[in-house]
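Noted in TrEMBL for the protein shown:
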type	residues	note
COMPBIAS	820-834	compositional bias 'Polar residues'
DOMAIN	51-362	domain 'Membrane transport protein MMPL'
DOMAIN	461-690	domain 'Membrane transport protein MMPL'
REGION	779-842	region 'Disordered'
TRANSMEM	15-33	transmembrane segment
TRANSMEM	184-202	transmembrane segment
TRANSMEM	278-300	transmembrane segment
TRANSMEM	307-331	transmembrane segment
TRANSMEM	370-390	transmembrane segment
TRANSMEM	518-538	transmembrane segment
TRANSMEM	544-563	transmembrane segment
TRANSMEM	570-593	transmembrane segment
TRANSMEM	629-647	transmembrane segment
TRANSMEM	654-674	transmembrane segment
Amino acid sequence: MFSIWGDFAYRHRKIVPTIIIATILALYGILGVQLADRMSQEGWDDPHSSSTMAAAIEKKTFGRDNSGDIILLFSATTDIDDSGQSEAIKNYLTTLKEDHPQQIESITSYFDNRNPRLKSDDGTTAFAAVALHGDDEQTLKDFRIIQEDLSPQFEGINVQVAGATAVADALDAGMARDIQRAEIYALPAVALLLLLVFGSVVATGMPLIVGGLSILGSLGMLSLLAGFTQVNVFAQSIVTLLGLGLAIDYGLFMVSRFREELDNGHNVPDAVRITTVTAGKTVVFSAAMVAVALSGLLIFPQAFLKSVAYGAISAVGLAALLSITVLPSLFGLLGHRIDLWSIRRGSRTARRLEDTWWYRLPQWAMKRSILVTSGLIILLIALSVPLVGVKFGGINETYLPPTNDVRVAQQKFDQEFPEFRTDPIKLVITNASNEQLVDIFQQANQVTGLTGRFSASSATVDGTTVLSAGIENRENNASVVEQLRTLDVPNGVSVYIGGTPAMEVESIEALFEKLPWMATYIIVATFVLMALVFGSLILPAKAIIMTVLGMGATLGLLTLMFVDGVGTNIFNFTAGPLMSPVLVLIMSIVYGLSTDYEVFLVSRMVEARENDESTDEAIKYGTAHTGGIITAAALIMIVVCGAFGFSEIVMMKYIAFGMIFALLFDATIIRMLLVPAVMHLLKEDNWWAPRCVKVAADKLGHNNVQLHQTHQSAEFLPAHNTQPVLTPSMEDTTEVSLPLPSTYKERTTTTQLTRAAAMETRSTISEPDDDIFLSDEVVFGDDNPPADTKPSAASAVQPTISKETSSSEEPVTETHSDENSIFTAQPIVPNQATRGGRVASQDNELIPFSELLKQMQKRENNT
């Protein structure tokens, strides 16, 4: 399937990217620009909980509780009544309501009737409560309409804005700035990193194209989803973070593999096909595993998690789709020109794989496998220990920076007027007589941890009464709710515990009830997918165990930082309880990212293993070929996450630092040290699987990659002493398998030859034709082509060869030397014709160069 798609993407290399890019731009232009108006502030609670039922009954009976939408605090240095501004403030509030009748329902203030409850104990502060029309979605829009009029100037009076809607607006504005920060700072930094990795401006542009399209497409799809389901405002930042990071990562892997195949001597069509079959397939399965991890969020009842799951899965799927559609087509259009505008021309020279850091590092770990394995496991478990002290809470003003004006105002209001807190605990009572109401009221006031006694929010309507009270410390929400659950309720009477504190408690309970189901689903699903990719049952089990270890260490550090307060001054946030939905979200993201890199690493090991490498050699081969790319990918993701790490919103900091910690663990000590050490200890057991798994994996595996080689159109290549040889036409194709060299030594030498030859070819041909490049291996071509014949890339490639000439009747023997071996090639007639990456012998029989290498190896072994 991937081979067919690679062919299709190359043949239609102009049409495919045009259609996809136009579709994404249209999607964003029509829907994406409307996203801000379609998102919701809701979705944090369990819709099936008692607290949600309490809110529904209260809203149906009394309407929405809008008393805490906007709080205007008026503060003076002395008693507010002595400021001489009381009448001016009263007139201002009257005018405010008259100017905005469509937005403001009512205003209740101290300055109307001097209610002492609306004035602080020291007399310096009084407040006005502004109630807005509409539901929860409309209140934010109404607030923004009147926001400019909420900052009046009174001599000697300081005016501050607080309230639930003001806090929601501040959180929303902070997230908008986060996305802007990512676009302004993260993208240029990522571009610089890619330029350092690739050394070419054109190659650098490929992942950035995918990343940019991914952002636009993700926002368009998120807006489309908002038409069918509730999409929380936080989903936009999370989708942007994941979509941008993974799209660039996938683009990095695709571009790296394409350039590697060009360096190995393949022509452009074959390089596109091989890249799609290998890196493309790995990207698809990697995205599938990330999507599976994110789909686990759909098990939970909270609309916030569902909306993030829908958006993030769409973003990941789009990133993978762009990587295997747009990129292969662009590769076909660019060909060898992907290296244009290089900043380090000539630096990509051949290098022995054994001499690379990424080869020596796993070799070092395998030599000390027991020490490395035990030491790193102990380290990861130790870093997980702080997780036992994790605390949970809800979203509130403390998620804003400590110096944020709205947060400062809200905290001052809660301190000065605790009985009017905007997040009270409530009792919604139905079908109760007056005597029964009195009994419940007396029992409720025995609860500890309250700021004062329960009071009725309004008169009883249709047999429904609402009692409310403030809670002194948010960390005691669970204790207060648990005490209220023990109330002795008379028969026939229903009591629902509601309010923000109850919603938070029941949300946490629902999450932990569903968490085992989520974990089981994700582990089983990713295990099956990895078994199909790796053709083993041991490797997926090993991957899951290591992922859990890395996740534990990540969550431990997050707890140390965000709950215990390490680094609060440096990163400008306040430590406190975590939102339980955010913890579940970061677990899902971290698990997905960990399996993502595992697939990229182990897939290359499986490639080597399927080509008869030993286990240790396959480990070193896979790590050496992917270590640098995985590290670069992790650095790019860290840069993207780093932009969100400076977010004004604590929740986004938590997610960003969680991803940063996970990436640091995963791309360094786990993938580069722990994986090689454990696999070395497992030896041949790594590859064990039942026959049915092997058969299924073979259909998806890396072996038997078929290349339909396409050659130049028919033309004669005259030679001095041979008959004219007709090269195969465009329709004349030969199916050839793509084996790796049988030994690591042979592979290294082959790579040195082909990479150096390919670089020489690219430096001599500025605008190559796609179809004239070598389709298999390096060819020993005609030294002196006729002047009237355009030299092909095959004839341009001339590795350093010493010739021992004899009489004109005898063949020439060509040898290649390096520090390890001397290869004596098959005798070749001088000036013999070459065609399609093969060598023509004296009887005009085509010999693939790969076969020639095998003969050279046999000669070396015999000597």
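Heads up, the Cβ atoms here are built off N, Cα and C, so glycines get one too.
Between the transmembrane segment (307-331) and the transmembrane segment (15-33) there are at least 3 Cβ pairs closer than 8 Å, counting only pairs 6 or more residues apart in sequence, which means the two stretches are in contact. Cβ atoms under 8 Å from those of the transmembrane segment (278-300) belong to residues 2, 5-6, 246, 250, 253-254, 256-258, 306, 308-309, 312-313, 316-317, 319-320, 323-324, 328, 510-511, 514, 517-519, 521-522, 525-526, 529-530, 532-533, 581, 584-585, 588-589, 591-593, 595-596, 599-600, 603, 607, 700, 702, 705 of the same chain, restricted to positions at least 6 beyond its ends. Proximity of distant same-chain residues to the transmembrane segment (15-33), defined by a Cβ-Cβ separation under 8 Å and at least 6 residues beyond the stretch ends, is recorded for 8-9, 213, 216-217, 219-224, 321-322, 325-326, 329-330, 333. Here the transmembrane segment (184-202) has long-range neighbours at 208, 211-212, 244, 248, 252, 255-256, 259, 334, 337-344, 347-348, 632, 635-636, 639-640, 642-643, meaning same-chain residues at least 6 beyond its ends whose C-beta is under 8 angstroms from one of its own.
Each residue in the domain 'Membrane transport protein MMPL' (51-362) has a pLDDT score, and their mean in this model is 86.
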